[in-house]
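J.: Here's a structure for you.
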C-alpha cells in the first residue's frame, strides 16, 4: 500500500521512487520469509518418509520371493511386484532428494524458493505413496517390522555415520538462517532442535548393540546351510535337480514338504494344488483347482514339474541357465519321498520336512504318519541321525518306533519342556532370532535353525548371533561368505564413531563461525 501510494503521488522524484523500491523489496522478502519455511518443511517431511520407506522395503529383500508368491496366489499370474516397488521407491526418493538439495542451495544463497506446480504435485505424490505404503506394510506384513529391527543390529553403525553426514550438510542453511534472524527467540527456535538432534546422534553409539561387534576369537562356526526345497533359485523347487544343485554347491542339508497321493504314495509338494509348479493346465485342464493329494500316483507321474520354472526364470531365479540345465529342468517330474531320502542318505545330508495331513475323505487321512514312517524306515533306510523330525503330533510314538531321529521343535519353549521331550534342535522363523536365546539354548545342548534366510546381511547376523544352521533359497550365494559382513572389534567401532563425531563437530563449528 505504501509503495503504491508513493509511486502514484511522487512518480517523477528519484528519491521517492527509490524508497518505493525499498518497500517493494521488503514486501517481497516478507512474503518469501513467510512462505519459504513451509515449503522447505514440506520437502523435508516428504524426504524423511520416502527415506524410511526405501530403507524398510530395501531391507525386506529377504522376503521378496514370499511377497511375489503371495500376489501370485491372489492375482493368478506371476510378476516381480517386489522389484517394481523397490525401483519406484528409489526413483521417487532420488527425485525428492534432488528437490531438497536444490531448495537448500537456494535458501543458503538467500534466493526465493519457488516450486513449479508440477513439482508441488510430485512432492505430494511422493508423500502419499510413502505414507500409504508404510501403512499397508504395517497392516499386511506385520513381521516386516521385526525384519527392520533386526537389520538395525548390523546397519546401525553405518546409519549413524550417514545421519551425522546429513547433519553436517544441514549446518550451513541452519547457521545462515540463525544469523539472519532478527530476534534471539527465533535463533533459539532454529538452532535449539538442531543441536539437540546432533547431541543425540553423538551419544547414541553408547547404547548401540550389534552381535557383529565382538572381540577377535569369539566368533562361532559358520552356520550350516539347508536348502529350502533344494535350490529354488537355480532349479525347479522340490525336484531331483533342485536337491542335486544344493548338494553341488555344498549344502549341508535338504528341506522339503511332504503330502500323500490318493493311493498312499508320499511325494514332495508345497502347495495345496498343482497349478503353480506343474503343467496341470495342459494335462488335466479340468482339475487345476483339485487338491494335490486327491490325485493318484499314476496321474501325478504324467505331469512335468520343471517347465514352469523356465517360463518364470527371469523372476524366480538369478543369472542364466546353461543349455544342459535347461534340458534337465524340462525333464523334471514330481519327486517321491522315498527317492528324496535315498538321495540325501547317499550324500550324507540332513533332511527336514513339513508333513501335510490329507484332507477329509482321503483314504489315508488317519494312516498318513504310519505311511511316512514306513517309507523312512523300510523303503529308504536312511541313517536315522540324518532325520530332523519336526512334526509334533504323536512325537512319543515316533520316538518309540524310530529311535535315533533328531527331534526338532518349531517354536520356542522352556528348556525344561524341551529336554523332557528329547528335543535337540529348534526350527524357528528368522524374525525370532535372538543371540541371548541362542546362547541359552546352546548351554542346554539345543541347537537352533532359522528359516528362510536368503540375504548375506541376515546370514551374517545369524552367524554373529551363534545360530547353528539356516534354511535358505541361496546356498550358492551364502556358501562363499568367509566371514560375516559388518564384523568389527569394539576398539575399531569406538575409533570409527569417535572420529566421526569429532570430525563432524569441527566442520559444524567451522561452518557456524564462517
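Using the three backbone atoms N, Cα and C, a Cβ is placed for every residue, glycine included.
Worth saying up front: this structure is predicted, and the values here are computed from it rather than measured.
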J.: Have a look at 21-39, 40-58, 59-77 and point to the one annotated transmembrane segment in TrEMBL.
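T.: Among 21-39, 40-58, 59-77, the range TrEMBL annotates as transmembrane segment is 40-58.
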J.: Which one of 121-141, 226-246 shows up in TrEMBL as transmembrane segment?
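T.: In TrEMBL, residues 121-141 carry the label transmembrane segment.
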J.: Restricting to the domain 'GP-PDE' (223-482), what is the model's mean pLDDT?
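T.: When the pLDDT values over the domain 'GP-PDE' (223-482) are averaged, the result is 94.
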J.: Between the transmembrane segment (156-176) and the transmembrane segment (78-109), are there at least three Cβ pairs closer than 8 Å, leaving out pairs fewer than 6 positions apart?
T.: yes
J.: For the transmembrane segment (78-109), which recorded stretch in the set 40-58, 121-141, 188-209 gives the largest number of Cβ pairs separated by under 8 Å?
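T.: Selected stretch: 40-58, with the most Cβ pairs under 8 Å.
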J.: Quick test of the contact rule: Cβ under 8 Å, at least six residues beyond the ends. What residues does that give for the transmembrane segment (121-141)?
T.: 42-43, 45-46, 49-50, 52-53, 56-57, 60, 63, 67, 85, 88-89, 92-93, 95-96, 99, 115
